[in-house]
Amino acid sequence: MSQNKAFSTPFILAVLCIYFSYFLHGISVITLAQNMTSLAEKFSTDNAGIAYLISGIGLGRLISILFFGVISDKFGRRAVILMAVIMYLLFFFGIPACPNLTLAYCLAVCVGIANSALDTGGYPALMECFPKASGSAVILVKAMVSFGQMFYPMLVSYMLLNNIWYGYGLIIPGILFVLITLMLLKSKFPSQLVDASVANELPQMNSKPLVWLEGVSSVLFGVAAFSTFYVIVVWMPKYAMAFAGMSEAEALKTISYYSMGSLVCVFIFAALLKKMVRPIWANVFNSALATITAAIIYLYPSPLVCNAGAFVIGFSAAGGILQLGRFGHVRVFPQKQSQSHQYIYDDGWTG
């Protein structure tokens with residue numbers, strides 16, 4: 001089977017919608033943190049108030065764990081992805097017009113629900129669009145998320161330096177989601193059943209997994225990775241400003257370096273895992289690397305250390321631990337792909 005044939009699909013419009021949604025998804029999860037100063041002024045609060053606001057994203061994911069995985073597996077991927085897009089629209093258009101912190105918190109919950117819905121619809125849909133190249137298709141998802149998180153801090157820094165209203169940084173993604181909605185309404189999605197001929201060609205596990213041990217371990221990896229992600233995205237810019245003497249515009253770019261590291265790791269491990277590296281040992285290496293790097297950032301803060309450290313933690317935690325943990329979890333529960341993605345991501349946000 002040729003590589004081109006493996007990647008051919010009659011569902012190209014649906015695939016484009018999903019990848020484009022993940023680009024904006026990457027932006028959505030860092031939007032509140034990147035605009036922390038502007039939002040604190042708008043809602044007459046401090047950094048702790050905005051951190052509380054950001055916690056609404058985790059709450060949104062947590063409450064949606066009970067139903068979106070089941071809805072996606074039973075009623076189809078398109079319906080769940082459309083729900084996600086509607087929630088994103090409420091968030092991006094609602095935050096600039098929001099009159100108080102309480103309503104803004106509700107919108108943060110909405111974007112958390114949207115994140116969850118997109119994950120439970122998007123990942124399985126891509127696996128079904130590319131049943132013979134699902135691994136590569138999923139890797140590109142992480143690439144799109146990283147591109148969004150790499151681009152957005154640069155946009156916010158540019159707006160800060162040029163005194164441009166922060167709201168444009170939310171309205172533009174909202175407009176793009178309107179376009180995605182129109183594309184989704186015209187797109188078609190594949191059946192959720194994989195043909196037997198295709199299933200026989202898919203890689204099989206060499207032995208039966210220890211469900212509780214391996215499943216729980218992969219979820220714990222997700223908790224560790226998402227906890228690290230939350231700390232870095234919310235507090236790294238503030239830490240760089242307070243202890244490394246960086247300006248706000250420069251400090252916000254540490255998240256771009258974080259995303260670059262994540263992007264690099266995705267492609268490196270995609271190649272290594274096919275040849276010589278077992279996922280469990282790769283995760284042990286990444287966990288140790290992230291821990292050591294975090295300690296160095298804490299002990300020796302400087303602009304160089306903050307930028308380089310953000311890159312390394314992005315490489316090890318976001319690009320490595322989370323992706324490998326999710327990959328292992330789905331292999332343990334292959335018949336419940338949407339719910340598998342749901343559990344590892346939502347338990348991670350709980351952390």
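Note that Cβ sites are derived from N, Cα and C of the backbone, with glycine treated the same way.
Heads up, TrEMBL stuff is auto-annotated, nobody curated it.
Counting same-chain residues at least six beyond the ends of the transmembrane segment (12-30), those with a Cβ under 8 angstroms from any Cβ of the stretch are 57, 78, 81, 84-85, 88, 91-92, 111, 114-115, 118, 122, 125-126, 129, 137, 140-141, 144-149, 151-153, 173, 176-177, 180, 183-184, 186-189, 233, 255, 259. The feature transmembrane segment is assigned by TrEMBL to 12-30 (among others).
The domain 'Major facilitator superfamily (MFS) profile' annotation in TrEMBL covers 14-351.
According to TrEMBL, the feature transmembrane segment maps to 50-71 (among others).
TrEMBL lists 78-95 (among others) with the feature transmembrane segment.
The transmembrane segment annotation in TrEMBL covers 101-118 (among others).
Beyond its flanks by at least six residues, the transmembrane segment (139-159) meets 18-20, 22-27, 29-31, 34-35, 122-123, 126, 165-166, 168-169, 249-250, 252-256, 258-260, 262-263, 266-267, 270, 314, 318-319, 323 of its own chain at Cβ-Cβ distances under 8 Å. Sequence annotations record features per position, and here TrEMBL assigns transmembrane segment to 139-159 (among others).
If you look at the transmembrane segment (165-185), the same-chain residues 6 or more away from its ends with a CB under 8 A from one of its CBs are 13-14, 16-17, 20-21, 24, 27-28, 31, 34-35, 38-39, 78, 81-82, 85-86, 88-89, 91-93, 95-96, 152, 155-156, 159. The annotation transmembrane segment is assigned in TrEMBL to 165-185 (among others).
Per TrEMBL, transmembrane segment is recorded for 210-235 (among others).
Positions annotated as transmembrane segment by TrEMBL: 255-273 (among others).
Here TrEMBL flags 280-301 (among others) as transmembrane segment.
The transmembrane segment annotation in TrEMBL covers 307-327 (among others).
When pLDDT is averaged over the domain 'Major facilitator superfamily (MFS) profile' (14-351), the result is 82. The stretch with the most CB contacts under 8 Å to the transmembrane segment (101-118), chosen from 78-95, 255-273, 280-301, is 78-95. Listed as Cβ neighbours of the transmembrane segment (255-273) (distance under 8 Å, sequence separation of 6 or more from its ends, same chain) are residues 26, 30, 33-34, 135-136, 139, 142-143, 145-154, 232-233, 236-237, 279, 282, 286, 307-308, 310-316, 318-320, 323-324.
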